[in-house]
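> Structure in structure tokens, see below.
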């Protein structure tokens, strides 16, 4: 109940915290890439783009004072979180099967440069042999598993924020004549 009251009173702060969480997750990914030496697969890169989109949308929503704007941007952010969770779930699914059952795909940048977007996106989501590899884990969960958990939690928080915002807007709206 206390969480709901906090969300009701400070929706812009919640959006700013979600944006900061996305930036922190991106920083973790860059640390794993540049310091630890892990090379991101195509699906990891798509998840990074989803995090960037989520950070931008929630950052903009926290900066806008008009309720209609933050509700619209929050709804787009919730859809972006759902997309990121879907890609992370797909990658987790690929990891749960033996590597020999996953066919190797093309390089991410090669797909983008060689194919139109309508053909590149299905190829990226299909994954590659690299997407099935588990090179690092924390508490038994792969990066894809943790990514799914983060996207799902951020998406649920955004949905709760939207539900409270829409409910509050309905209560304050004048009654129809």
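Backbone N, Cα and C define each Cβ position, glycine as well.
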> So that I know how the record lays things out, could you check whether residue 12 and residue 69 fall in the same topological domain in Swiss-Prot, i.e. on the same side of the membrane?
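Yes, Swiss-Prot places residue 12 and residue 69 on the same side of the membrane.
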> What range among 127-145, 146-164 does Swiss-Prot record as transmembrane segment?
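That would be 146-164, the stretch labelled transmembrane segment in Swiss-Prot.
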> For which of the residue intervals 50-64, 95-109 does Swiss-Prot record transmembrane segment?
50-64
> Quick check on the disulfide-bonded residues: of 41, 44, whose CB has the lowest count of neighbouring CB atoms inside 10 Å?
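Relative to the other disulfide-bonded residues in 41, 44, 44 has the fewest Cβ atoms within 10 Å.
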